[in-house]
Amino acid sequence: MKFFIDTANLDEIREGVELGLVDGVTTNPSLIARENLPFEELIAEICKIVDGPVSAEVISLDAPGMVAEAKKLASIDEKVVIKVPMTAEGLKAVRQLSAAGIKTNVTLIFSANQALLAAKAGASYVSPFVGRLDDIGVNSADLISDILTIFDNYGYASEVIVASVRGPQHVLDSALLGADIATIPLKTIKQLTKHPLTDKGMEQFLADWEKRTQ
């Protein structure tokens, strides 16, 4: 399973890379807005840090606008993947971008039907949002399972990026189901390293060692 880090903060990305756990980066307009650098400059800086896909999202609502933005973003670096919203216009854009050899990540997916349409349009990645579904009482694990089954049934090459991850349980669920990728904040990456029994064991080992050296 691959881990992408869900942030546009350069320091967080560097820290994740230093841990050896980051295979790519996902950003969105909200994350970009928190940073001080201009959008395209920020994406270029991220691409220098990470040896993997970097998702950058278009903000146009119509297909021609999305395609124009996408081509500009894709020219920044070959690592750039274009995030496109799951709309009818978005699907038109994905079809055109796919034909032009530009990789796409269809975002804001909340149903298996949406994922199916994105894959059929030629999306390189689809991003179902698990946390937001769980927030409204929908079992997001069922969605991931359905998407993976559909893609397997028809041999779609689109990779599933589990997004809107709230914590370690979402990562575990995604791994158990066989999702290709989870995109997660640095905070959650750090949480994955923790277990109270690990901390307790370390404390005991150190205490025993100190007794030995006294």
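Using the three backbone atoms N, Cα and C, a Cβ is placed for every residue, glycine included.
The Cβ of LYS83 (active site, schiff-base intermediate with substrate) has 24 other Cβ atoms within 10 Å, all protein chains considered. Annotation comment: Swiss-Prot describes LYS83 as active site, schiff-base intermediate with substrate.
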Statement: Reading the DSSP string in three states, the entry for LYS83 (active site, schiff-base intermediate with substrate) is strand
